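To start, the structure under review is shown below, and the notes come after it.
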């Protein structure tokens, strides 16, 4: 065998090895691409206090590790702070709305609670417990609570204030429902990934207040689905940032902007009409037609009201080929969210079967 033929033979062995390595790299790249495609990015959008953070907490309960006692203990201080924040908001509103206290001694209680620096609150003890209990039982404060649409008050106010004995117990440990109800405005971006049927769902919650929205822009790449939350109960409320703008009009304007963004041409849109429980309560005394004169349905009818609100949002969609999937929800109700998200998951997977190699 000549030297040339020996070298050619060696070279072809090297070439074969190089090709084998190259093929393996190509295969790995294809695998990586396929695996990357098995991650679905769900962007949670909506105005402030529409229920986005509560929805993420539910995903942790339903599809994640939930909340251990240690995790729940971490919310104790926030529950106390929510109680003080709510009572201070009502005390301020008593002045603004010129509502008198029925019981004279509650003026001193109000002064005591008013002077608390909420951010420094880490305990819930007397004299504050008795002061807040006494205030909550004052008919003046109850009238003020009934007029809450005229100022900003957390949806969880009644939930906590009706349960002060339990929360004031020295051995208090927040329940799962306490955790779901606690209000902490989202600043920045919160991501929650969870695994379902060998697909990673990456849920991204961005702050809803106006100042937070400019931070959204870089979340817009490769979004599988937009999940847009609307608080049904906000039809008669004004914005935190601007007290002459209707919250639902703001939500409609944001939805219109989002669904016409070029980034989202290929993203499915799922509309969650949230806080259906609060709508059912409120519609009995606050009439939709007073805020949306075009409503011509019956008064005190939650079903008619929510269908009207759904139509208002769906009509904002300029693309007749784009389907808007919608669900009525109560984000603090784990079973409701479990049921709704199972349907949403199936919709998303169906829409992405080929794209994500799920068939």
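Backbone N, Cα and C define each Cβ position, glycine as well.
Under 8 Å, Cβ to Cβ, and six or more positions away along its own chain, residue 331 (GTP binding site) finds 51, 54, 55, 58, 180, 229, 272, 274, 275, 337. Look at Swiss-Prot and you will find 50, 51, 52, 53, 54, 156, 180, 181, 183, 274, 275, 277, 331 tagged as GTP binding site, backed by similarity to another entry.
The Mg(2+) binding site feature in Swiss-Prot is assigned to 53, 186.
Under the heading domain 'G-alpha', Swiss-Prot lists 38-359, citing sequence analysis as support.
Residues annotated as S-palmitoyl cysteine in Swiss-Prot: 9 (among others).
Per Swiss-Prot, the feature S-palmitoyl cysteine maps to 10 (among others).
Look at Swiss-Prot and you will find 209 tagged as deamidated glutamine.
For 209, the entry in Swiss-Prot reads 5-glutamyl histamine, with the evidence type similarity to another entry.
Here Swiss-Prot flags 41-54 as region 'G1 motif'. Mean model confidence of the region 'G1 motif' (41-54) amounts to 90 (pLDDT, 0 to 100 scale).
Annotation source Swiss-Prot lists region 'G2 motif' at 178-186.
For 201-210, the entry in Swiss-Prot reads region 'G3 motif', with the evidence type sequence analysis.
Annotation comment: Swiss-Prot describes 270-277 as region 'G4 motif'. Away from its own ends, the region 'G4 motif' (270-277) comes close to residues 46, 50-51, 55, 155, 225-234, 255, 302, 306, 309-310, 313-314, 324-333, 340, 344, 347-348 of its chain (Cβ-Cβ under 8 Å, at least six residues beyond either end).
According to Swiss-Prot, the region 'G5 motif' annotation covers 329-334, on the basis of sequence analysis.
Residue 50 (GTP binding site) is surrounded by 26 other CB atoms, counting those within 10 A of its CB over all protein chains shown. Across 50, 51, 52, 53, 54, 156, 180, 181, 183, 274, 275, 277, 331, which the record gives as binding GTP, the greatest C-alpha separation is 18 Å. In this structure, residue 52 (GTP binding site) is part of a helix by DSSP.
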